[in-house]
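S.K.: The structure is given below, and queries will be raised subsequently.
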Amino acid sequence: MSRKDLLQVVLVVNILVCSGLCSAARERRAKCPTCEDIVEAFKKRKGNTEKSNFGGGNTAWEERALGSWATSETRLVEIMEGLCEDSATECHAMVEEQEETLEEWWFKHEFKDKDMKAWLCIEKLKDCTGGKDGPCNGHGKCEGDGTREGSGKCTCDGGYEGDLCDECAELYFEEKDHDSKLSCKACHQSCDDSCSGATPKDCEKCKKGWQMTDDEGCQACHNSCEGNCTGEGAKGCIECAKGYIKTEEEGCKDVDECGENSTICENGKFCDNTPGSYACRVCDSACDTCIGEGSRGCTKCNPGYKMTDNDCKDVDECLSRDHDCDKTTQSCRNMPGSFTCDCKKGYKRDGDKCVKKEMTGKRKTQKNAENQIEDDLAEGNYFTELQMKIGSLLYALFFASVVAAVMKRSRVAIVILTLVYGSVLWYLRR
C-alpha cells in the first residue's frame, strides 16, 4: 500500500469517528452558545446596576461603595429580569431551569474570582450518562442532564449496577421484558451469590441455613440447626443452635430450661419453655406463687382467695361476713380477692366513713315528716292495720247515714249524727 493510499484510509476512519462523536455532542454544543450568551448578559446587567447607582468609571471602587446592595437579592432580581431581552426562547428556558444555580453563583462565588463561564457552562451543565433522553438506561437516576446541576453519574435502582446501569447486581438475574429490554429480578431468598431464575431450584449455591436438594433446590434447615445441614429435620443439623443439645436419637433436641432450673424466674412469675428458649410469664392475680397459667396454676393463693379443688377461688367476704363495713351506714360489695364498703342511701363518703347527707327545701320537709312518723311509731302512737280498716268502714257507714238523714229530712237523726261526729273529733284531739 502506497503512502497516498494509507493517508486516504486514515482520512476515511477519521471522518467516520468524527461523525459519531459529532452526533453525540451536537445537542451539548447547542446549549453552549445559549449558556455563554447568558453569562455575557449577566455581566452586562451587573455593570448597568453599578452605573445606575454611580456615574463613575472605577468599577472596583464602585463595587466597594455599593455596600450591602452589592450582594443583595434585590440587585440580583434586577440583573435576572433583563438577561434574555434580546434572546430566543432557549435563553428563557435555560434561565428558568438554572435559576437556583445562578443564585448560588451570586451569593457564593461572585466575589471569589471564579470564572462564571467555566463554572456554569462546563462544571454545572454535565450530561447524564446515556444522554438526557435515556439516562442510565431507565434503571437509575442522574442529577444533571445537560440542563441541571449534577455529577453526570448514574445512581442505579435496586438490582442494577454499572456506569450505565446495564448490568444485574449480585442476587439478581437477567430477564428480558416484552420490549427485549434488560430487566433484573431478585433471586429467591435461599440463594447465595447468584441464580438463573426466581425459584429455589435456580440457585447456584444455597446461603447459610439452607441445604441443596436434588428435587427442590435450596430448602431451609430445621430451626434447631446452627448454620448448615446435611438433611431434613433435627437429625440433619451439623451443629445445634443455642437452646438445643445434640442427641443420637433425635438430633438437635430442645433444652427444657424450666425443668433444669425451677427458680429461673422471679417470684410472681412462672417459667414457660419454648423451642430453643424459655419465657417468664406473670402469674394469675389469684396466685401468690404459681407453676402455670390461670388460677389452676397457683401453688399458693393470694389473700382474698382460697385453694379449692386445686384452684384458687375468690372468697366472698360479704357472704361470709368477714368484713368491717358499718352495718348502719354501709353495705358490703364483693370484689375479686377483696371487698369494698359502699355508702347506703342517704349517706355520703367522708374519708373511711359514711355520714348522713344534709337535706334542703321540700326534701327536708318531707324527711322531717317521715322522721315525725318514725318518732310516733317508736312511742306507740299508731293504729294497727285492723284498726285502720275498721275506722275506714265506720267512716263510710257514718257518711251514708248522714246522706240518708238529709234525704229523709230527719232532724233527730241529723242531731244524733252531729253529736257522734263531734265526740269523735274531741277524742282524737285531746
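Cβ atoms are placed via backbone N, Cα and C, with glycine included.
The following feature annotations were taken from TrEMBL:
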- C156-C165: disulfide bond (DISULFID)
- 124-166: domain 'EGF-like' (DOMAIN)
- 314-355: domain 'EGF-like' (DOMAIN)
- 1-24: signal peptide (SIGNAL)
- 390-407: transmembrane segment (TRANSMEM)
- 412-428: transmembrane segment (TRANSMEM)
S.K.: Give the nonlocal contacts of the domain 'EGF-like' (314-355) in its own chain as ranges (CB under 8 Å, at least six residues past its ends).
M.R.: 285-286, 302-306
S.K.: Including all protein chains shown, what's the count of other C-beta atoms within 10 A of the C-beta of C165 (disulfide bond)?
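M.R.: Taking every protein chain into account, the count is 25.
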S.K.: What average pLDDT does the predicted model assign to the domain 'EGF-like' (314-355)?
M.R.: 92
S.K.: Same-chain residues six or more away whose CB lies under 8 A from the CB of C156 (disulfide bond)?
M.R.: C136, H139, G140, G162, C165, A169
S.K.: As a quick check of your reading of DSSP, tell me how many residues in the domain 'EGF-like' (314-355) are helical, how many are strand and how many are coil.
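M.R.: Reading the DSSP string over the domain 'EGF-like' (314-355) gives 4 helix, 20 strand, 18 coil.
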